[in-house]
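Engineer: Straight out of Swiss-Prot:
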BINDING   136-191  ATP binding site
BINDING   Q271, E283  Mn(2+) 1 binding site
BINDING   Q271, E283  Mg(2+) 1 binding site
BINDING   E283, N285  Mn(2+) 2 binding site
BINDING   E283, N285  Mg(2+) 2 binding site
DOMAIN    109-313  domain 'ATP-grasp'
Amino acid sequence: MKILVVGGGGREHAIAAALSRTTGTEIYAAMARKNPGIARLAKEICLTPETNLDRIAAFAQKTGVTHAFIGPEAPLEAGVVDRLSAAGVACAGPTKAAARIETDKAFCRNLMAEYKIEGNPAYRVFFDPKEAIAFVRDHDGDLAVKPIGLTGGKGVRIMGEQVDRAGAIEYIREINGGVVLEERLTGEEFTLQAFVDGTHIVPMPLVQDHKRAFEGDTGPNTGGMGSYTMPDHMLPFVTKKDLTAALSIMVSVVAAMAHKGYPYKGILYGQFMNTAQGPKVIEFNARFGDPEAMNVLTLLSSDLAEVVTGITEGTLSASNVSFEKAATVCKYLVPEGYPSAPKTNSPISIGETGSAITYYANVEEKNGTLQTLSSRTLAFVGKAPTLAEAEQIAENAASSVTGEVFHRRDIGTQALLDRRIAHMKEL
């Protein structure tokens, strides 16, 4: 298979690494900046903005790729799948219309409401900021304020957590566009990702991501500082009943999309809040999570190229998808000052990483030296029979890096896990 990977982050390095495990797979990559990890795996790369559909389509035709795997959300929103499909390239990724499950928060909520799909929190959509502000002023209780469009995982403000009522009103003024106001959900977050071929849905191991920048879940929201999976592919605060409910919601969404005339193909990412009433949908993403892709793709023991064929041809089957029964812990290194004022162009050096897997993200290689850029730098994944061992592998590797970077030492630790379990019991 000759396959094009679109995107140049840690998630895309994990996708390329998983594809490279298949003998005879030729990888080509289109990305805005040269990712050193992807560049080593690719036969040829094209440096281009990931929303430049002309350049990407021309590169696909020049190289003769038969398939494409789309990593980030921006090219999906721009319609890269529609463009590549028209050029005869089979894509693991949704069309522009289907990607609205992520790129348009109102579309997602309204679809769930129309098809009476479980797990939809109470919500209101406003296109006039004045009406949204009036609703917030009169509403008794806390709300989540979400811009309708893409925000890179950093655009939500939650009353009672990040902002008060006045702060929420100020944020709506700042957005000055469409917003979704939702009931504030209380519980523990978890991620369920699935391969989807338009009809069939094959779930992956559950993952928990950590959005806050600093230890103890403090500080500003980020794109994700790290994540973990358990050896049984569950999470300690998610029951089998909860998992069944979450998967049922995703199956219903895929069926609703097909019924609407937007069949969904690619990766569907469900971010859920496990509440006292069961799982509620925080949001859907139209692609792998970053960092969650690094956990599940490290565990994938079946052939990703075959899975891509199943997605594109509508022949996806759970019998062809298997994951190793092991724990994983992913820890991101980020520049000092991240996310608000990251130190850029700062050299870093990687020490002894042991058995950890390294995934390069927003990092530049200059004359053999790695330098930080403005976002998350690189990630280490530890894989082991137990969570404690996986955490130690990731932590040792992350601690080996010298330079103006930091990471969250608490991700994957028993202490943090115990807090999650205790929090769930309190509900």
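Cβ coordinates are placed from backbone N, Cα and C, and glycine is handled just like the others.
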Engineer: Please compute the mean pLDDT of the model over the domain 'ATP-grasp' (109-313).
Structural biologist: 95
Engineer: Using DSSP and three states only, what is Y171 (ATP binding site)?
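Structural biologist: SS state of Y171 (ATP binding site) = helix.
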Engineer: Round to the nearest Å and give the CA-to-CA distance linking D164 (ATP binding site) with Q271 (Mn(2+) 1 binding site).
Structural biologist: 24
Engineer: Closest to R157 (ATP binding site): which of the binding-site residues Q271, E283, N285, going by Cα position?
Structural biologist: E283
Engineer: Cα-Cα, whole number of Å: N285 (Mn(2+) 2 binding site) versus Q271 (Mn(2+) 1 binding site)?
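Structural biologist: Given the Cα positions, N285 (Mn(2+) 2 binding site) is 8 Å from Q271 (Mn(2+) 1 binding site).
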Engineer: Would you mind reading off the Cα separation of Y171 (ATP binding site) from E283 (Mn(2+) 1 binding site), to the nearest angstrom?
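Structural biologist: Cα to Cα, Y171 (ATP binding site) and E283 (Mn(2+) 1 binding site) are separated by 20 Å.
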Engineer: Give me the CA-CA distance between E283 (Mn(2+) 1 binding site) and L143 (ATP binding site), in Å, as a whole number.
Structural biologist: 15
Engineer: Per DSSP, N285 (Mn(2+) 2 binding site) is which: helix, strand or coil?
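Structural biologist: Where N285 (Mn(2+) 2 binding site) sits, the three-state DSSP reduction gives strand.
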Engineer: Near the Cβ of Y171 (ATP binding site), how many other Cβ atoms are there if near means within 10 Å?
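Structural biologist: Around Y171 (ATP binding site), other Cβ atoms within 10 Å: 19.
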Engineer: Cα-Cα, whole number of Å: L185 (ATP binding site) versus Q271 (Mn(2+) 1 binding site)?
Structural biologist: 12
Engineer: Once the DSSP letters are reduced so that anything not helix or strand counts as coil, what is L143 (ATP binding site)?
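Structural biologist: It is in a strand.
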Engineer: Provide the number of Cβ atoms within 10 Å of the Cβ of L143 (ATP binding site), excluding the reference atom itself.
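Structural biologist: Total other Cβ atoms inside 10 Å, all chains included: 24.
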Engineer: Using the structure shown, find which entry in Q271, N285 (the binding-site residues) has the sparsest Cβ neighbourhood within 10 Å.
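Structural biologist: If we count Cβ atoms within 10 Å for the binding-site residues Q271, N285, the smallest count is at Q271.
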Engineer: Which three-state DSSP class does L150 (ATP binding site) fall into?
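Structural biologist: For L150 (ATP binding site) - judged by DSSP and reduced to three states - the answer is coil.
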